Amino acid sequence: MLHILLLFSFLLSSSPAAAKDFCVADFKATQGLAGYQCKVPEEVVVDDFVYSGLNVAGNFSDISKSTINTSFVDQFPGLNGLGLSMARLDLSLGGVIPMHSHPGSSEVLLVTQGSIIAGFISSNNIVYTKTLKKGDIMVFPKGLLHFQVNSGPVPALLWSSFNSSNPGLQVLSNALFSNNLPSELIEKVTFLDELEVKRLKALFGGSG
């Protein structure tokens, strides 16, 4: 019996799954469809597992009066393969995080300052909204359109966690108006008139 236990222990310790505790992203290697390759273990350092980029707010947008500072695998190599990431969201007075989605992840949002109105729209067009205050948490299911609006008298500070190291981000207004999608097509698929499409294209920097 002892021999069997020893053999089992050896097989576990020598298996790839047991030997590889992590897969720190190698930014120097070619990135494939499956993501980053693993850094050579001998080159891994403690700073690969530490990220200080969320200690300050990002650059505020004049349009939305908000900023999103992310800690995804592209910035934080230690997240690679772990299915985790975070973001810091700062909203000035009247600021908004516009309607957007994360194609690769669900999101848990924590309010640590101020109060906001947050919500999401289900795939059968049911709207779920709630006023959140300091300490409140809300979850946004994977891939669904959602938003946050500062509804309080002070700036709001929010923290998001994701169950993916690269959750992706698509902002609806940018997807429609910040690129070269022809205005005639936008008018047809959104039922907006020509003048409004041109106004929004100019606001978001689009062309066509």
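Using N, Cα and C of the backbone, Cβ positions are placed for all residues, glycine too.
Annotations in TrEMBL come from automatic prediction, not curation.
As given in TrEMBL:
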| type | residues | note |
| --- | --- | --- |
| SIGNAL | 1-19 | signal peptide |
| DISULFID | Cys23-Cys38 | disulfide bond |
| DOMAIN | 52-198 | domain 'Cupin type-1' |
| BINDING | His100, His102, Glu107, His146 | Mn(2+) binding site |
| BINDING | His102, Glu107 | oxalate binding site |
Provide, as an integer number of angstrom, the distance between the C-alpha atoms of His100 (Mn(2+) binding site) and Cys38 (disulfide bond).
31
Cβ contacts within 10 Å for His100 (Mn(2+) binding site), all chains included, total 18
Which one, from the disulfide-bonded residues Cys23, Cys38, has the smallest tally of other C-beta atoms lying within 10 Å of its C-beta?
Cys38
How do the residues of the domain 'Cupin type-1' (52-198) split into helix, strand and coil according to DSSP?
22 helix, 56 strand, 69 coil
Whole-number Å value for how far Cys38 (disulfide bond) lies from His146 (Mn(2+) binding site) (Cα to Cα)
33
Using a 10 Å cut-off, grab the number of neighbouring Cβ atoms around the Cβ of His146 (Mn(2+) binding site), all chains included.
22
What is the number of other Cβ atoms found within 10 Å of the Cβ of His102 (Mn(2+) binding site)?
24
Arithmetic mean of per-residue pLDDT over the domain 'Cupin type-1' (52-198):
95
Which residues of the same chain, at least 6 positions away in sequence, have a Cβ lying under 8 Å from the Cβ of Glu107 (Mn(2+) binding site)?
Val139, Phe140, His146, Ser160, Ser161, Phe162, Pro167
